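Enquirer: Sharing the record's features from Swiss-Prot:
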- Gly79, 82-83, Thr87, 89-92, 107-115, Ser119: 5-phospho-alpha-D-ribose 1-diphosphate binding site (BINDING)
- Gly79, Asn110: anthranilate 1 binding site (BINDING)
- Ser91, Glu224: Mg(2+) 1 binding site (BINDING)
- Arg165: anthranilate 2 binding site (BINDING)
- Asp223, Glu224: Mg(2+) 2 binding site (BINDING)
Amino acid sequence: MTVSLEGLYRGESLTSEQTEQLFGELLRGEMDPIVLSSLLTAMKVKGESPSEIEGAARALIAAAKPFPRPDYEFCDIVGTGGDGLYTINISSTAAIVGATCGIKVAKHGNRSVSSKTGSSDLLEKLGIKLDMSPETARHCLDEANICFLFAPHYHSGMRFAAPVRQALKTRTIFNVLGPLINPARPTYQLMGVYSPDLLEPIAETLHALGLKKGMVAYGSGLDEIAVHGETQVAEINDGHIRYYTLTPTDFGLKYYPLESIQGGTPDENRKITETLLAGKGTDAQQAAIAINLAPLLKMGGLVDTLKQGAEMAIETLRSGDALDKVTQLATLSHKE
């Protein structure tokens with residue numbers, strides 16, 4: 001191993017370069033599992049720094065299967081997971097509605113780790129081929145405004161960390177890396193985090209990784225923008241990071257109790273999503289999708305305000321057109 005961990009054991013942070021080197025070794029299968037275990041634990045106890053998160057993310061992006069990146073603007077909407085609140089699939093549903101509105105979304109996701117249904121679990125239930133090739137995914141993004149990048153398909157080196165992660169049974173740096181390592185490298189992004197302590201380090205990391213426009217959100221216990229309370233936000237805009245609070249009122253929406261957006265099993269969540277996309281969801285469910293899609297519609301230039309974004313999202317949901325978008329994506333995803 002080329003980088004000494006002595007400083008880390010003393011509570012000092014690694015540099016971005018040191019972390020990138022270490023994670024490069026891990027992804028090539030060159031790191032002893034005991035060393036990896038102590039690396040992850042020492043980082044967790046100290047608290048992962050922005051430089052460490054950035055270095056690890058750079059190593060994962062560099063080692064990922066390449067994606068034919070387009071030259072147009074496109075986004076991702078994703079959460080860290082780990083909030084333990086088992087809501088409906090907000091980000092996946094919002095991605096589909098966003099594509100129907102006219103923004104382009106390259107959704108990077110995985111199977112569920114801590115919730116009942118991850119984005120992959122849901123999209124698979126909707127008939128979308130998870131392991132489509134990068135070229136097919138790019139074609140979907142071009143033609144349908146949306147594609148799905150299944151994390152294990154692009155980040156095969158992560159398999160070397162899996163046994164240690166399972167044995168540790170605790171959150172580590174990997175829990176926050178997933179949303180940062182989309183191999184398509186979106187130009188703008190909404191990312192939800194499971195703790196307010198992550199707002200600043202994640203915003204700084206996204207900025208360091210070159211994201212021009214983005215929002216990191218923690219919504220009263222949720223890794224989404226909340227319909228049931230306040231949302232703390234870190235907004236990235238051309239090199240500046242601004243911290244503030246949002247409420248449903250800022251979107252022209254009412255407050256709804258958290259129980260009104262509860263999810264369930266993969267089958268139950270698929271039914272809820274299909275009902276929503278067909279224009280028949282509850283007001284609370286529609287509000288949860290709209291409040292999380294509105295910032296992306298604004299960043300993507302389709303609207304000028306968050307209220308206009310929420311209105312566009314709800315109008316699109318109620319039209320039922322988003323269900324056709326799922327059919328289009330499912331069909332294109334199977335064409336190799």
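From the backbone N, Cα and C atoms, a Cβ is placed for every residue, glycine too.
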Enquirer: Let me check the 10 A CB neighbour count of Arg165 (anthranilate 2 binding site). How many other CB atoms are there?
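Expert: Around the Cβ of Arg165 (anthranilate 2 binding site), 18 other Cβ atoms lie within 10 Å.
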Enquirer: Round to the nearest Å and give the CA-to-CA distance linking Glu224 (Mg(2+) 1 binding site) with Gly79 (5-phospho-alpha-D-ribose 1-diphosphate binding site).
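Expert: Answer for this pair: 7 Å between alpha carbons.
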Enquirer: Which of the three DSSP states, helix, strand or coil, fits His108 (5-phospho-alpha-D-ribose 1-diphosphate binding site)?
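Expert: In three-state terms, His108 (5-phospho-alpha-D-ribose 1-diphosphate binding site) counts as strand.
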Enquirer: Spatially, and counting Cα to Cα, which of the binding-site residues is closest to Ser91 (5-phospho-alpha-D-ribose 1-diphosphate binding site)? Options: Asn110, Arg165, Asp223.
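Expert: Result: the closest of the binding-site residues to Ser91 (5-phospho-alpha-D-ribose 1-diphosphate binding site) is Asp223.
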Enquirer: Other than its own, how many Cβ atoms are within 10 Å of the Cβ belonging to Glu224 (Mg(2+) 1 binding site)?
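Expert: Glu224 (Mg(2+) 1 binding site) is surrounded by 27 other Cβ atoms within 10 Å.
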Enquirer: Which of the three DSSP-derived classes (helix, strand, coil) applies to Ser91 (5-phospho-alpha-D-ribose 1-diphosphate binding site)?
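Expert: DSSP call for Ser91 (5-phospho-alpha-D-ribose 1-diphosphate binding site): helix.
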Enquirer: Between Asn110 (anthranilate 1 binding site) and Arg165 (anthranilate 2 binding site), how many Å separate their Cα atoms?
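Expert: Approximately 15 Å lies between the Cα of Asn110 (anthranilate 1 binding site) and that of Arg165 (anthranilate 2 binding site).
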Enquirer: Do you know offhand how many angstrom separate His108 (5-phospho-alpha-D-ribose 1-diphosphate binding site) and Asp223 (Mg(2+) 2 binding site) by C-alpha?
Expert: 16
Enquirer: Can you tell me how far the Cα of Thr87 (5-phospho-alpha-D-ribose 1-diphosphate binding site) sits from the Cα of the residue listed as 'anthranilate 2 binding site', in Å?
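Expert: Cα-Cα distance, Thr87 (5-phospho-alpha-D-ribose 1-diphosphate binding site) to the residue listed as 'anthranilate 2 binding site': 25 Å.
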Enquirer: Name, in the order they occur in the sequence, the residues of the same chain whose CB lies under 8 A from the CB of Gly79 (5-phospho-alpha-D-ribose 1-diphosphate binding site) and which sit 6 or more residues away.
Expert: Ile90, Ser91, Pro179, Met191, Gly192, Val193, Tyr194, Asp223, Glu224
Enquirer: Other Cβ atoms within 10 Å is the metric here; tell me which of the binding-site residues Thr87, Ser91, Asn110 scores highest.
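Expert: In terms of Cβ crowding, the pick is Ser91.
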Enquirer: Where does Asp223 (Mg(2+) 2 binding site) sit in DSSP terms: helix, strand, or coil?
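Expert: Looking at the DSSP assignment, Asp223 (Mg(2+) 2 binding site) belongs to neither helix nor strand, so coil.
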Enquirer: Please state whether DSSP places the residue listed as 'anthranilate 2 binding site' in a helix, a strand or coil.
Expert: helix
